[in-house]
Amino acid sequence: MDFYNSYSQGFVRVAACTHHASIGDPTTNAASVLRLARQCHDDGVAVAVFPELTLSGYSIEDILLQDLLLEAVEDTVLDIVVASADLLPVLVIGAPLRYRHRIYNTAVIIHRGVVLGVAPKSYLPTYREFYERRQLAPGDDEHGTIGIGDLRAPFGPDLLFAAADLLGLVLHVEICEDMFVPVPPSAEAALAGATVLANLSGSPITIGRAEDRRLLARSASLRCLAAYVYAAAGEGESTTDLAWDGQTMIWENGVLLAESERFPKGEHRSVADVDTELLRSERLRMGTFNDNRRRHRALVEPFRRIEFRLEPPVGNIGLLREVERFPFVPADPQRLQQDCYEAYNIQVSGLEQRLRALDYPKVVIGVSGGLDSTHALIVAARAMDREGRPRSDILAFTLPGFVTGDRTKSNATELCRALGVTFTEIDIRDTATLMLKKIGHPFSRGEVSYDVTFENVQAGVRTDYLFRLANQHGGIVLGTGDLSELGLGWSTYGVGDQMSHYNINAGVPKTLVQHLIRWVIASSQFEEQVDKVLQSVLDTEITPELIPSDGEEKLQSTEAKVGPFALQDFSLFQVLRYGFRPSKIAFLTWHAWSDPNCGKWPPGFPEDKRLSYSLKEIRHWLQIFVQRFYSFSQFKRSALPNGPKVSHGGALSPRGDWRAPSDMSARIWLDEIEREVPEE
């Protein structure tokens, strides 16, 4: 596999093209098509889609009935066939063609000098400004072979064009109105296996119609788990009674990958790389997709499959799509605000229901002054407010150990006071020292020994205190560990931070926690003094504070052990949501993180923390992730306490999104990294 080649990584480059139409002049239109086709060829495009009735113009009306025009269209189709012999893209071109006793509005699919097939428009609008049935016949029930000059090609709406040398590229074509009907041809085609759905459109523009198209194209891509490539007619079409905007767009599974400006001058293209591997993954996971196929077997099975060899380009041709650095954290400010609002309230409502079900016990929580416990505390405070319970029912304990920092301890103390919760400090050092002495640990004899036992004794003592305090006060222990820590197994099992009575952070990744706290500050959920402490928490480095510093080295850093959470959350999302192989994850990570100046950052993200990572670093931390996720940490997830799912990226509950054996080897994933991911 060529690691740097996007086609090798499951991507297919597609283009939606529009041009200056010359109505009634097929030769001029064909020249425009070929210019755009050559540009697409140079850019490594696999599929290029043009507007409806590309060669004649859409607004030609009764001129469609002229033999001279129809013959000229056929001649230019043949010219394009010859001229495209050495071009990479599959060309999807609109043309009025004669078949039997009628004229059909068709898409001619051409590749490397061959007409692969001809797809007629199924549904002809004859309402409001449209009068297509006056000149044209519907093709919804046609399933035959059409002649274009001396060429013969399959004809019908039931054609799938599959690349024999590129797993995942299966093209279907529909035309304009076809996507406006309740059951469009593309829906049946997707069930039959199409992954790229093309729409050649005329679609004159009126106020609001562009948004209608966007909704329909987005919905089609989401429902069909497919890419939807849309190209509308634009400049040059007749404005006798109508106007045209040349809208082009590419959607993938509900996500907009590319869109051109509207009302463009001249020739324009929207180009993007569609992830067919992602689409196939989604279909495999969503069993109801195949159930729907079985239900509509009679419509799906007759589809004809035409194979061709694409012969995609080799080497690094870039990646023409945005890869979000933080897949759990959208860079769009409006979306981020909405996500934070929903995530926070999912957590609050989850805790509210648990409190109601238990007849309002006290909430016992260990507060360290770090991100996770801080966020859990403000969720608990809001839940109490909404349920009309006093915040004093939250029993917050700070449990300083051998290396608890002054700043984190101060953050915890000030936050609890500002919120008005019941706050107590219990120093665990005496208890931890006693346990270390009882088990004969070298630290109890004055030796420097900061091993895993030293760490876990502290973590275990803290949790033991919290559970006994919950017993004493009639409360429940509120867990604070987040999704990222669960994915990496960065927790102490059993009598440790892995266990609680209810964990509201279990579905929230570390990278999102920071933005949730920022959102809480920005949306003024609490008083000004609370906001000041929350900002101080955000400015503190992530550390479990279990191992002392020697005075010169930095305090124990979690990210130095398990990797940057930005990278590990990226990997976790790709595994949970799509099940991608490590080399695909490395490829995506490299495109997302190799250059801090490319792509968008979430709003408010600190400038000094906008880092980049080399492929060597990405490879190293991916190996750590794979080892910990697949081989080391599943036993901790198999015994998770309850907690709400938050992100569309997934969760790790063994009762929900992630069910896996606790005794599995990570060998095949590690081997794939060694084999397929270069170091530079």
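Backbone N, Cα and C atoms are what each Cβ position is placed from, and that goes for glycine too.
What Swiss-Prot says about this protein:
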ACT_SITE  Glu52  active site, proton acceptor
ACT_SITE  Lys121  active site, for glutaminase activity
ACT_SITE  Cys176  active site, nucleophile
BINDING   Tyr127, Ser203, Arg209  L-glutamine binding site
BINDING   Gly366, Val367, Ser368, Gly369, Gly370, Leu371, Asp372, Ser373, Thr480  ATP binding site
BINDING   Asn456, Glu485, Trp490, Ser491, Thr492, Tyr493, Lys636  deamido-NAD(+) binding site
DOMAIN    12-276  domain 'CN hydrolase'
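Residues Gly366, Val367, Ser368, Gly369, Gly370, Leu371, Asp372, Ser373, Thr480, recorded as binding ATP, reach a greatest CA to CA spacing of 12 Å. Here the binding-site residues are Ser203, Asn456, Thr492, and the one whose Cβ sees the fewest other Cβ atoms within 10 Å is Asn456. Of the candidate recorded positions, Glu52, Ser203, Arg209, Lys636, the one lying closest to Gly370 (ATP binding site) when CA atoms are compared is Lys636.
Annotation for Tyr127 (L-glutamine binding site): no spatial neighbours, criterion Cβ-Cβ under 8 Å with sequence separation of six or more. Ranked by Cα separation from Asn456 (deamido-NAD(+) binding site), the recorded positions Glu52, Lys121, Ser203, Asp372 are led by Asp372. If you measure from the Cα atom of Tyr493 (deamido-NAD(+) binding site) to that of Arg209 (L-glutamine binding site), you get 56 Å.
Taking the recorded positions Lys121, Arg209, Lys636 in turn and counting surrounding C-beta atoms within 10 angstroms, the largest count is reached at Lys121. Confidence across the domain 'CN hydrolase' (12-276), taken as the mean pLDDT and rounded to a whole number, stands at 97. Under the three-state DSSP scheme, Glu485 (deamido-NAD(+) binding site) falls in the helix class.
Between the C-alpha atoms of Thr480 (ATP binding site) and Thr492 (deamido-NAD(+) binding site), the distance comes to 12 Å.
Cβ neighbour count for Tyr493 (deamido-NAD(+) binding site): 16 (other Cβ atoms within 10 Å of its Cβ, all protein chains included). Nearest neighbour of Ser203 (L-glutamine binding site) by Cα distance, taken over the recorded positions Lys121, Asp372, Ser491: Lys121.
Gly366 (ATP binding site) falls within a strand when secondary structure is assigned with DSSP. Across the fold, the C-alpha of Gly366 (ATP binding site) and the C-alpha of Ser491 (deamido-NAD(+) binding site) stand 14 Å from each other.
Here Lys636 (deamido-NAD(+) binding site) is compared against the recorded positions Lys121, Cys176, Arg209, Ser368, and the shortest C-alpha distance is to Ser368. Max Cα-Cα distance over the annotated deamido-NAD(+) binders (Asn456, Glu485, Trp490, Ser491, Thr492, Tyr493, Lys636) is 15 Å. When the CA atoms are compared, the recorded positions lying within 10 A of Glu52 (active site, proton acceptor) are Cys176, out of the candidates Cys176, Asp372, Glu485, Ser491.
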